[in-house]
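What follows is one structure encoded as C-alpha coordinates, with my remarks underneath.
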(Lines of atoms letter the chains of each structure in order from A and count residues from 1; the text may use other names and numbers.)
(Lines give C-alpha, C1' and ligand atoms only; values in the text may rest on other atoms or scores of the structure.)
Protein backbone atom coordinates (compact mmCIF):
# COMPACT_ATOMS: atom_id res chain seq x y z
CA UNK A 1 0.00 0.00 0.00
CA UNK A 2 1.36 3.38 -1.01
CA UNK A 3 1.60 6.04 1.69
CA UNK A 4 -0.86 8.92 1.64
CA UNK A 5 0.61 12.41 1.43
CA UNK A 6 -0.25 13.08 5.06
CA UNK A 7 1.50 9.90 6.23
CA UNK A 8 4.47 10.61 3.97
CA UNK A 9 4.81 13.96 5.73
CA UNK A 10 4.38 12.34 9.15
CA UNK A 11 7.10 9.79 8.38
CA UNK A 12 9.35 12.54 7.02
CA UNK A 13 8.86 14.46 10.27
CA UNK A 14 9.78 11.35 12.26
CA UNK A 15 12.89 10.80 10.15
CA UNK A 16 13.92 14.40 10.79
CA UNK A 17 13.38 13.96 14.53
CA UNK A 18 15.46 10.77 14.59
CA UNK A 19 18.31 12.57 12.80
CA UNK A 20 17.94 15.51 15.18
CA UNK A 21 18.20 13.01 18.04
CA UNK A 22 21.45 11.73 16.61
CA UNK A 23 22.84 15.26 16.62
CA UNK A 24 21.63 15.92 20.18
CA UNK A 25 23.36 12.76 21.41
CA UNK A 26 26.54 13.67 19.58
CA UNK A 27 26.55 17.09 21.28
CA UNK A 28 25.96 15.41 24.63
CA UNK A 29 28.92 13.09 23.93
CA UNK A 30 31.09 16.15 23.31
CA UNK A 31 29.94 17.66 26.61
CA UNK A 32 30.71 14.48 28.51
CA UNK A 33 34.13 14.24 26.89
CA UNK A 34 34.67 17.76 28.23
CA UNK A 35 33.83 16.43 31.72
CA UNK A 36 36.56 13.77 31.26
CA UNK A 37 34.02 10.96 31.34
CA UNK A 38 34.88 8.87 28.27
CA UNK A 39 32.55 6.02 29.19
CA UNK A 40 29.52 8.29 29.34
CA UNK A 41 30.64 10.02 26.16
CA UNK A 42 30.86 6.58 24.53
CA UNK A 43 27.31 5.80 25.69
CA UNK A 44 26.06 9.00 24.05
CA UNK A 45 27.97 8.32 20.82
CA UNK A 46 26.49 4.84 20.61
CA UNK A 47 23.06 6.35 21.22
CA UNK A 48 23.74 8.84 18.41
CA UNK A 49 24.54 5.96 16.06
CA UNK A 50 21.39 4.15 17.12
CA UNK A 51 19.21 7.19 16.40
CA UNK A 52 20.70 7.46 12.91
CA UNK A 53 19.89 3.79 12.32
CA UNK A 54 16.32 4.49 13.43
CA UNK A 55 16.08 7.23 10.80
CA UNK A 56 17.43 4.85 8.16
CA UNK A 57 14.88 2.25 9.14
CA UNK A 58 12.03 4.75 8.69
CA UNK A 59 13.55 5.86 5.37
CA UNK A 60 13.66 2.27 4.14
CA UNK A 61 10.02 1.75 5.12
CA UNK A 62 8.93 4.84 3.19
CA UNK A 63 11.04 4.17 0.09
CA UNK A 64 10.00 0.49 0.01
CA UNK A 65 6.44 1.76 -0.24
CA UNK A 66 7.19 4.08 -3.13
CA UNK A 67 7.55 7.25 -1.11
CA UNK A 68 10.30 9.84 -1.10
CA UNK A 69 10.82 11.19 2.40
CA UNK A 70 12.09 14.72 2.80
CA UNK A 71 14.42 15.55 5.67
CA UNK A 72 13.33 18.75 7.35
CA UNK A 73 15.32 21.54 8.93
CA UNK A 74 17.25 20.80 12.10
CA UNK A 75 18.72 23.08 14.69
CA UNK A 76 21.92 22.81 16.67
CA UNK A 77 21.25 21.54 20.18
CA UNK A 78 23.15 24.38 21.80
CA UNK A 79 25.10 24.23 25.05
CA UNK A 80 23.81 21.07 26.68
CA UNK A 81 25.36 18.98 29.40
CA UNK A 82 26.83 21.64 31.67
CA UNK A 83 26.68 18.93 34.32
CA UNK A 84 26.57 15.16 33.92
CA UNK A 85 23.11 15.01 35.46
CA UNK A 86 21.91 17.75 33.10
CA UNK A 87 23.26 15.77 30.13
CA UNK A 88 21.27 12.68 31.04
CA UNK A 89 18.16 14.69 31.94
CA UNK A 90 18.40 16.25 28.47
CA UNK A 91 18.62 12.74 27.06
CA UNK A 92 15.52 11.65 28.98
CA UNK A 93 13.53 14.70 27.91
CA UNK A 94 14.50 14.06 24.32
CA UNK A 95 13.50 10.39 24.51
CA UNK A 96 10.12 11.42 25.92
CA UNK A 97 9.68 13.79 22.97
CA UNK A 98 10.55 11.02 20.51
CA UNK A 99 8.16 8.64 22.26
CA UNK A 100 5.30 11.10 21.93
CA UNK A 101 6.12 11.64 18.27
CA UNK A 102 6.04 7.89 17.59
CA UNK A 103 2.72 7.55 19.41
CA UNK A 104 1.35 10.41 17.31
CA UNK A 105 2.57 8.72 14.13
CA UNK A 106 1.00 5.47 15.31
CA UNK A 107 -2.35 7.21 15.83
CA UNK A 108 -2.14 8.78 12.35
CA UNK A 109 -1.40 5.37 10.81
CA UNK A 110 -4.34 3.84 12.66
CA UNK A 111 -6.68 6.65 11.60
CA UNK A 112 -5.83 6.00 7.96
CA UNK A 113 -6.06 2.22 8.32
CA UNK A 114 -2.47 1.77 7.15
CA UNK A 115 -1.81 -1.69 8.57
CA UNK A 116 1.47 -1.98 6.64
CA UNK A 117 3.16 0.47 9.01
CA UNK A 118 1.94 -1.18 12.24
CA UNK A 119 4.77 -3.77 12.59
CA UNK A 120 7.42 -1.08 12.22
CA UNK A 121 5.71 1.22 14.70
CA UNK A 122 5.16 -1.62 17.19
CA UNK A 123 8.92 -2.12 17.17
CA UNK A 124 9.51 1.57 17.86
CA UNK A 125 6.90 1.77 20.62
CA UNK A 126 8.71 -1.06 22.43
CA UNK A 127 12.09 0.53 21.66
CA UNK A 128 11.02 3.82 23.23
CA UNK A 129 9.75 2.11 26.39
CA UNK A 130 13.21 0.55 26.72
CA UNK A 131 15.02 3.81 25.91
CA UNK A 132 13.11 5.84 28.47
CA UNK A 133 13.57 3.17 31.15
CA UNK A 134 17.32 2.96 30.52
CA UNK A 135 17.91 6.71 30.62
CA UNK A 136 15.58 7.13 33.60
CA UNK A 137 17.62 4.54 35.50
CA UNK A 138 20.86 6.38 34.69
CA UNK A 139 19.32 9.68 35.84
CA UNK A 140 18.20 8.03 39.09
CA UNK A 141 21.65 6.62 39.69
CA UNK A 142 23.26 10.00 39.02
CA UNK A 143 20.88 11.61 41.50
CA UNK A 144 21.95 9.06 44.12
CA UNK A 145 25.64 9.51 43.30
CA UNK A 146 25.46 13.28 43.66
CA UNK A 147 28.99 14.68 44.10
CA UNK A 148 30.59 11.30 44.86
CA UNK A 149 33.50 11.09 42.43
CA UNK A 150 34.01 7.38 43.01
CA UNK A 151 30.40 6.61 42.16
CA UNK A 152 30.58 8.78 39.06
CA UNK A 153 33.72 7.01 37.85
CA UNK A 154 32.12 3.61 38.47
CA UNK A 155 29.09 4.57 36.39
CA UNK A 156 31.39 6.00 33.72
CA UNK A 157 33.26 2.70 33.59
CA UNK A 158 30.00 0.76 33.32
CA UNK A 159 28.65 2.93 30.49
CA UNK A 160 31.96 2.54 28.62
CA UNK A 161 31.01 -1.07 27.87
CA UNK A 162 28.12 -0.14 25.58
CA UNK A 163 28.72 -1.35 22.04
CA UNK A 164 27.47 0.22 18.80
CA UNK A 165 24.33 -1.35 17.33
CA UNK A 166 25.07 -4.15 14.86
CA UNK A 167 22.18 -3.30 12.54
CA UNK A 168 18.94 -1.38 12.28
CA UNK A 169 16.98 -4.36 13.61
CA UNK A 170 14.17 -6.50 12.19
CA UNK A 171 12.70 -5.28 8.95
CA UNK A 172 15.57 -2.94 8.19
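Every residue gets a Cβ built from N, Cα and C, even glycine.
Residues or ranges marked as domain 'Ferritin-like diiron' in TrEMBL: 1-146. Each residue of the domain 'Ferritin-like diiron' (1-146) gets a DSSP state, and the totals for helix, strand and coil are 117 helix, 0 strand, 29 coil.
Taken from TrEMBL, the feature Fe cation binding site covers 18, 51, 54, 95, 128.
Excluding 18, 51, 54, 95, 128 themselves, the residues of that chain whose CB lies within 8 A of the CB mean position for the Fe cation site are, in sequence, 17, 21, 50, 98, 102, 124, 127, 131.
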